[in-house]
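In TrEMBL this protein carries:
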| type | residues | note |
| --- | --- | --- |
| REGION | 1-38 | region 'Disordered' |
| TRANSMEM | 154-171 | transmembrane segment |
| TRANSMEM | 183-204 | transmembrane segment |
| TRANSMEM | 216-234 | transmembrane segment |
| TRANSMEM | 263-280 | transmembrane segment |
| TRANSMEM | 292-314 | transmembrane segment |
| TRANSMEM | 350-374 | transmembrane segment |
| TRANSMEM | 386-408 | transmembrane segment |
| TRANSMEM | 420-442 | transmembrane segment |
| TRANSMEM | 449-471 | transmembrane segment |
| TRANSMEM | 483-507 | transmembrane segment |
| DOMAIN | 535-658 | domain 'STAS' |
Amino acid sequence: MPRTVSDGGEDFDGDVSSQTGSHRHTDSNSTHHHHHHGYKVGFPPAKGLLAEFADGVKQTFFADDPLREYKDQPRSKKLWLSLVHLFPVLDWARSYSFGKFKGDFVAGLTIASLCIPQGHRLCQACLPASTCWTVDSSFVPPLVYAMMGSSRDIAIGPVAVVSLLLGTLLQEEIDPVKNPYEYSRLAFTATFFAGITQAMLGFFRLGFIIEFLSHAAIVGFMAGAAVTIALQQLKGFLGIKKFTKKSDIISVMESVWGNVHHGWNYQTILIGASFLAFLLTTKYIAKKNKKLFWVSAIAPLISVVISTFCVFITHADKQGVAIVKDIKQGINPPSFHLIYWSGPYLAKGFRIGVVAGMVALTEAIAIGRTFAAMKDYQIDGNKEMVALGTMNIVGSMTSCYVATGSFLRSAVNYMAGCKTAVSNVVMAIVVMLTLLLITPLFKYTPNAILASIIINAVVSLVDYETAYLIWKVDKMDFVALLGAFFGVVFASVEYGLLIAVVAISLGKILLQVTRPRTALLGNLPRTTIYRNVEQYPEATKVPGVMIVRVDSAIYFTNSNYVKERILRWLRDEEEQQQEQKLSKTEFLIVELSPVTDIDTSGIHALEELLKALEKRKIQLILANPGPAVIQKLRSAKFTDLIGDDKIFLSVSDAVKKFAPKSALNV
């Protein structure tokens, strides 16, 4: 059977996605210097239905071939590899050393100093009915992740975006002030189903689903969440007692300005503004001098200690400065019995858990990949999902709510010199000791300082540099960014996600699928290369021949458009020929290199195109169809309809056959 090769000049140009036809490029390179006029388009070996289905499943779900290391291994080795796959700690722990522990110990202490004050502030801001779940969420989940996760740098714990999302969704169902017990139960139920969702996605290798949340949408979502979270902190920052429960900017600003005369406490504002300025200054210093990263890292803990001491000795709480007051000491008890296993709140907990779990998963995977790339190692996305899901399932049974990777603390963890996930273990132990021993010391901590810590933390979530880059590169991506941002700021977190993911990102995909690009090709002078005439103005058209390239698979969603677009190219060409009195088009060559697949609707569209061309006395010629395409064309007997002599290995071969005078001039 003849080999399927492509003329060296037929590699379609850079405006086509590199994912199409890459296997043919390899063959192209190997035959670039050989005269291949004797070659014909090859037909791949026919596959049975089961073989074709199995191949499709493998390429979709097992592209990384996860079972390759199990081949030809004894049973004991396979068991060990399975345990290592589930618990990566068994692998890297064997080479662990005291030198690595020193780095992990310092990093663990550093992120714990961030986690304790931030965790309690997130608890108050987003989950008012809780008594400190956020701090507990920095104790149990990190221990589970340290055993099952594959990222060395990610710091597990409460995250502002997920906390806000979860708090908003929970408060829509239950009032945390009137029904704190039911509120807590619903939170644990949502956390349980968030973990189930994450683990199942990993187990069934469905991680590609989160790819629908584009990078642009994430940037917009994070910026919108940062603004929303910062606005929510104005309650504690300004000392306002009666504050809106809504998260949209209009409701928040109405609440802020409605209390300007009698609701603001100026001692509170002084405390909040002073320490916010201190925190921002330390962040600026750390940004300018990377060696001084620790200044910014310990600033939140220093701020909490100093502000708490000042309030204690000045009795500022008697002057209207709101303080944390009583924090429950000790570790929260098991909560397995509190999860709703039946009743109306089961479905509500499931819905909230799926949404929160997907957002948490997206953030954690993105953070893990970012830092893995910086240290040049790989993380397994599906394995990460199982680890994150398992830790949230365990967390829901130990009074924790949805935990994930924190970008801020992960960055601090990375800068502090962490070597492995042991830094998470150190952080968890420090948090546990804090909960058991020194929690009462935080009684006089002013709410304003916790608000300042959160505002300082979320400022960095507004990535205006990346937003500007997205604007320059892709305007549709920028629209998705704006949709996510304004949806979160003016409506809610859910609406922001819906607008960004469903309305814009999926809309963009549908637009690209239903309206694929087509290009008119011309010959580059003195070569056998044919390229897009818009990209290469010097490319010349072949007299009597029109060459069109379709830059997408041809499916039912776009087949009619592709046919109509080609006919429009033809009409435009005929009008130009009449005006300039040029020779009429006799041949239409369709370059199929980028067309990776075709369905029955696509074949039907080609049949209709063939009929339309026959009426105009124009011959249809196909160039370089891929294996899937040529196989389906033959099965549909389209190759018999058009004739084997009209299917060529390359555009240049077709031109040599049907326009030999033009071919001699190249």
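Each residue, glycine too, has its Cβ placed from N, Cα and C.
TrEMBL annotations: computationally assigned, not manually curated.
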Looking only at the recorded stretches 154-171, 216-234, 386-408, 420-442, 449-471, which one has the largest tally of CB-CB distances under 8 Å to the transmembrane segment (263-280)?
449-471
For the transmembrane segment (350-374) and the transmembrane segment (154-171), decide whether they are in contact, meaning at least 3 CB pairs lie under 8 A, counting pairs 6 or more apart in sequence.
yes
Go through the chain and flag residues at least 6 beyond the ends of the transmembrane segment (386-408) whose CB is under 8 A from any CB in it; none is fine as an answer.
86, 114, 127, 130, 133-134, 136-142, 144-145, 148-151, 154-159, 162-163, 166, 187-192, 194-203, 331-336, 339, 353, 356-357, 360-361, 363-364, 367-368, 457, 460-461
Would you confirm whether the transmembrane segment (420-442) and the transmembrane segment (183-204) meet the contact rule of 3 or more C-beta pairs below 8 angstroms, pairs 6 or more apart in sequence?
no
DSSP-assigned states of the domain 'STAS' (535-658) in counts, ordered helix, strand, coil:
63 helix, 21 strand, 40 coil
